[in-house]
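Record features, source Swiss-Prot:
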type     : residues : note
ACT_SITE : ASP126   : active site
ACT_SITE : ASP144   : active site
TRANSMEM : 75-95    : transmembrane segment
TRANSMEM : 97-117   : transmembrane segment
TRANSMEM : 135-155  : transmembrane segment
Amino acid sequence: MISLLKKLYFTFSRSSRIIITLVIIDQLTKWWFINNLRWKPGLMLKVTSVLNMVYTWNYGISFGLMREYYQYSNTIFLITNMIIVCYLYYLMICSKTIGSFAGYSFVIGGAIGNLIDRFCRGAVFDFIHFHYRNYSFPVFNLADCFITLGVIILMEDYFSTKKVIEETSKGNYDNLQIEVMAEKIRHTDHDSKI
């Protein structure tokens, strides 16, 4: 029982530091763009030939989907997102690898950053806009970048773990090689986590 409580404490404290750091970075960048540039919605600042900073509010979900249902759906978005964040936190606590731990931390940090916007401002503030010739990527923010990076980390972790499992089931390695490969992707002590 004590070891379980110790594991939960270390997981909570380390994950909380990562998540809180990501949320602070996201909220500070949004605060800076909202309060210091004081643009009118729709105006843009050209940074490079493919990157603009724009002042826009997203009343929908990802990429502005369902924004026309905003007046009915903001509460539903908030509740659904909070449930998803709680479930992802549970998965993170149960994670067996550093990669999955980091991936879930990034997804949760980004999700909480956008939840704060939706709760405090009624919409998510987006400001990064990539475009090239006739292609225009939907406007996004750092929280969206954190979520995307977290998903990429989770996918890489899944496939690298799957590869070790497949190789060991084929019998291509002796026990020492298996242990070395598994140790590279698996953590055995929460003290060694990020």
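Cβ coordinates come from backbone N, Cα and C, glycine included.
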Long-range environment of the transmembrane segment (97-117) - Cβ separation under 8 angstroms, sequence gap at least 6: 11, 15, 18-23, 26-27, 30, 78, 81-82, 84-85, 88-89, 91, 123-125, 141-154, 156-158, 160-161, 185-187, 192-194
Secondary structure of ASP144 (active site) (DSSP, helix/strand/coil): helix
How many other Cβ atoms sit within 10 Å of the Cβ of ASP144 (active site)? 22
